[in-house]
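Undergrad: For reference, the structure I am asking about is given below.
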Amino acid sequence: MSVILDDDVLLILTLDEELSAPLTPSNGLGQEDLPSKNGGGQSGPNSQVPSLVSGADSPPSSPPGHNWEMNYQEAAIYLQEGQNNDKFFTHPKDARALAAYLFVHNHFFYMMELLTALLLLLLSLCESPAVPALKLRTYVHATLELFALMVVVFELCMKLRWLGFHTFVRHKRTMVKTSVLVVQFIEAIVVLVRQTSHVRVTRALRCIFLVDCRYCGGVRRNLRQIFQSLPPFMDILLLLLFFMIIFAILGFYLFSTNPSDPYFNTLENSIVNLFVLLTTANFPDVMMPSYSRNPWSCVFFIVYLSIELYFIMNLLLAVVFDTFNDIEKHKFKSLLLHKRTAIQHAYHLLVSQRRPAGISYRQFEGLMRFYKPRMSARERFLTFKALNQSNTPLLSLKDFYDIYEVAALQWKAKKNRQHWFDELPRTAFLIFKGINILVNSKAFQYFMYLVVAVNGVWILVETFMLKGGNFISKHVPWSYLVFLTIYGVELFMKVAGLGPVEYLSSGWNLFDFSVTAFAFLGLLALTLNMEPFYFIVVLRPLQLLRLFKLKKRYRNVLDTMFELLPRMASLGLTLLTFYYSFAIVGMEFFSGRLSPNCCNSSTVADAYRFINHTVGNKTKVEEGYYYLNNFDNILNSFVTLFELTVVNNWYIIMEGVTSQTSHWSRLYFMTFYIVTMVVMTIIVAFILEAFVFRMNYSRKSQESEVDSGIVIEKEMSKEELLAILELHREARGTSSDVTRLLDTLSQMEKYQQNSMVFLGRRSRTKSDLSLKMYQEEIQEWYEEHAREQEQQQLRGSAPSPAAQQTPGSRQRSQTVT
């Protein structure tokens, strides 16, 4: 489950007097119990959970309420660490570390990290070789770089204060970031002193500052999966290169005797051209010189492509896909057990000495004020009731295990009426009821599908009959008006029959509304002759996407596509980080190398040739445009690298650069191809895994269960509401909480109700699907995890001098990470 980042910000803001004041007991909802010494009253695998108020951190005379507030906050931190998959050895160990932890975990710090990283990356636009329009003087960009690096130093100092030196040096990613920071600092000072730029390949390492940002957690996960998939990938890659070298040697002996064949005249050229042939960029050109001399030579190339391209490359995808599946399952298992351990830590900080059997509502309410500060008092109580499956005054550990799933619910009062028009006069009710029945009928839906299909065919025929040039008519086509009228009538009928809220709650209805609105804007653009907005008319074919709802497989494809969009964005950002690093290296070594007529001595001279010659009275220009694919600045480098990713004619760029530098330049292009092949293979494997997973789940579950979200129904009685209201009044709770509770009470009295039903909703995540897919194995994982915790407890229970705490210190977390 993803972290609600808005709640992280307010964690530090909850340290004021209003929220830290302990609630007084009322009506049995909570009693003033003393927290146990270690945050819990039970002995078990997690009985050694540390507390920020233990040891010398809390004075002997401190009131019990202060201890509870600290326990609430630390329990909330444990839950956040479980949700964010943060290792428990980074847990703040004392009040001083807690202050730094709270500062580091808020949106201000996150934005500071992100903006600093972006500033460092964007400096490549201004540094030599710079984009001409954005070039800055050396002292300006060097000063900006030093400023950004000083901010990074401040960030690392705050993390050092939070983690402590020993934990700080154990954190690998932080140490890598620190090492890069030192190198960047030295280089920036040298540039500022010398007032000139030098070869700075280490600028390619600036991506680490972006990758380490909190908002780029998806990029870190992608990089981790790429590195985890490398061992099997490298095995198949070595096999591929082995066959390539064997065929290169064979090709050299077979075709080097042909003087008209430049592809195999040396062993180096044989290897390079077979590597390019693997991408099919130079096929069949590479075959034609030998094929013209001996037709049987085609067998060599057919066998090579069959083995390398169609067998080993597909085998590579299969191996990566299998490894990716195992990694995804292992990742789900690790995160599930990590969350379970975090819940155990939080639970033992919330049980009291008087009530060691569970968490009272008072303690749960205190936890949620820190864990979900934006959650209202009514929502906190409903969350408690949703968790409390045993209907007892105390929340057991078994019930508390569902805290992540239940805390994400959005609660709303259940409407007493079925439709929005139920309270209208009878005549209006019958009209809207008929419209509701009509728009929900199968006949109406299939009629609209037929209209969309006819519209699609009409657009296709209309476009086919158009000529080149100005294809936008000066008058509005009658077909445009007819179909737009039908779509508009459908929109108004659905809004009238379903109600605006229910209509807009459907993703497909939102899509229909957007396309119809754009079509109406296109009509205005045609009517008012607004040429700059004619592009809106081209969006009409988007209506055809509605036809994908007809077939279940199409719906699954579209649903999978929409589910993949956030992850695909992070994968795209991961690819851009590789682009940035390779672009920096390319600029340092190849900047200014390519120009018109630069490669006349190479085999790709025609692609770079620029010739003016006169034919009669006219000057004719023969221009090869490949000199534009250069590394003269960061923007040109990104375009060039994208062309290399597509692989069509990528060898022309490689050979052009090689002719102006050295043969070793080919290593840069080959390495880039291999790296992008790894990333692209991971992307394909991810898409396959997500689609196959959804297909398997849809076979095991009902279709409605797959498409619908999570819905929980809970009832709140008037007595419970009055008790919570009294509790918050006596505790001087926030005015917004009291106001919402009074609004709910007035609504009950208005309709003379003794209770009110609330619905908790949230979208179904992949974690929910995985819980059902692996439900048989999950119990085995839990049992194995419990045994590991017991063994760890036995190992940690032996007394040793190292286990004795000094005054002012705090016991470290003994959790399995």
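Just so it is clear, glycine is given a Cβ too, placed from its N, Cα and C backbone atoms.
So Swiss-Prot has the following annotated:
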COILED    770-794  coiled coil
COMPBIAS  802-817  compositional bias 'Polar residues'
INTRAMEM  264-287  intramembrane segment
INTRAMEM  631-654  intramembrane segment
REGION    22-66  region 'Disordered'
REGION    785-817  region 'Disordered'
TOPO_DOM  1-101  topological domain 'Cytoplasmic'
TOPO_DOM  123-137  topological domain 'Extracellular'
TOPO_DOM  159-172  topological domain 'Cytoplasmic'
TOPO_DOM  194-202  topological domain 'Extracellular'
TOPO_DOM  222-235  topological domain 'Cytoplasmic'
TOPO_DOM  257-263  topological domain 'Extracellular'
TOPO_DOM  288-298  topological domain 'Extracellular'
TOPO_DOM  320-445  topological domain 'Cytoplasmic'
TOPO_DOM  467-480  topological domain 'Extracellular'
TOPO_DOM  528-535  topological domain 'Extracellular'
TOPO_DOM  551-574  topological domain 'Cytoplasmic'
TOPO_DOM  596-630  topological domain 'Extracellular'
TOPO_DOM  655-671  topological domain 'Extracellular'
TOPO_DOM  693-817  topological domain 'Cytoplasmic'
TRANSMEM  102-122  transmembrane segment
TRANSMEM  138-158  transmembrane segment
TRANSMEM  173-193  transmembrane segment
TRANSMEM  203-221  transmembrane segment
TRANSMEM  236-256  transmembrane segment
TRANSMEM  299-319  transmembrane segment
TRANSMEM  446-466  transmembrane segment
TRANSMEM  481-501  transmembrane segment
TRANSMEM  505-527  transmembrane segment
TRANSMEM  536-550  transmembrane segment
TRANSMEM  575-595  transmembrane segment
TRANSMEM  672-692  transmembrane segment
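I'd like these features described in context: how deep, what's nearby, how far apart.
TA: Non-local neighbours of the intramembrane segment (631-654) in the same chain are 124-125, 129-132, 276, 279-282, 579-580, 582-584, 586-587, 589-594, 604, 607, 665-666, 669, 672-673, 676, 680; each lies 6+ residues outside the stretch with a CB under 8 Å from one of its CB atoms.
Sequence-distant contacts of the topological domain 'Extracellular' (123-137) (same chain, at least 6 residues past either end, Cβ-Cβ under 8 Å): 144-145, 148, 197, 200, 203, 206, 580, 583-584, 587, 591-592, 631-635.
With DSSP states grouped into helix (H, G, I), strand (E, B) and coil, the topological domain 'Cytoplasmic' (159-172) comes out at 12 helix, 0 strand, 2 coil.
Remote same-chain residues near the topological domain 'Extracellular' (194-202) are listed as 127-128, 138-139, 180, 183-184, 187, 584-585, 588 (criterion: CB distance under 8 Å, separation of at least six residues from the stretch ends).
Confidence over the topological domain 'Cytoplasmic' (222-235), given as mean pLDDT on the 0 to 100 scale, stands at 87.
Proximity of distant same-chain residues to the topological domain 'Extracellular' (257-263), defined by a Cβ-Cβ separation under 8 Å and at least 6 residues beyond the stretch ends, is recorded for 269-270, 273, 286, 289-290, 293, 603.
Beyond the ends of the topological domain 'Extracellular' (288-298), by six or more residues, the same chain brings 254-255, 258, 260-264 to within a C-beta distance below 8 angstroms of the stretch.
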Undergrad: Between 203-221, 299-319, 481-501, who has the most Cβ pairs under 8 Å to the transmembrane segment (575-595)?
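TA: Per the Cβ under 8 Å count, 203-221.
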Undergrad: Which sequence positions outside the transmembrane segment (672-692), separated from its termini by at least 6 residues, show Cβ-Cβ distances below 8 Å to it?
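TA: Sequence-remote neighbours of the transmembrane segment (672-692) are 222, 225-226, 229-230, 233, 237, 279, 316-317, 320-321, 324-325, 328, 556-557, 560, 563-564, 567-568, 571, 574-575, 578, 582, 641, 644-645, 647, 650, 766.
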Undergrad: So, taking each listed stretch (102-122, 138-158, 203-221, 236-256, 446-466) in turn and counting its Cβ pairs to the transmembrane segment (173-193) that are under 8 angstroms, which one gives the highest count?
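TA: If we count Cβ pairs closer than 8 Å to the transmembrane segment (173-193), 138-158 scores highest.
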Undergrad: Under a criterion of three or more Cβ pairs within a distance under 8 Å and sequence separation of at least 6, are the transmembrane segment (203-221) and the transmembrane segment (446-466) in contact?
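TA: When sequence-distant Cβ pairs are counted, the transmembrane segment (446-466) does not touch the transmembrane segment (203-221), since fewer than 3 lie under 8 Å.
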Undergrad: In the same chain, which residue numbers or ranges, 6 or more beyond the ends of the topological domain 'Cytoplasmic' (222-235), come under 8 angstroms Cβ to Cβ?
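TA: For the topological domain 'Cytoplasmic' (222-235), the nonlocal Cβ contacts are 211, 316, 319-320, 322-324, 327, 570-571, 574, 678-679, 681-682, 685.
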Undergrad: For the transmembrane segment (102-122), name the stretch out of 138-158, 236-256, 446-466 with the most CB-CB pairs under 8 Å.
TA: 138-158
Undergrad: Give me the DSSP three-state residue breakdown of the topological domain 'Cytoplasmic' (222-235), ordered helix, strand, coil.
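TA: Here the numbers are 14 helix, 0 strand, 0 coil.
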Undergrad: Just to be sure I understand, if DSSP states are collapsed into helix, strand and coil, how many residues of the topological domain 'Cytoplasmic' (320-445) fall in each?
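TA: Going by DSSP assignments, the topological domain 'Cytoplasmic' (320-445) contains 80 helix, 7 strand, 39 coil.
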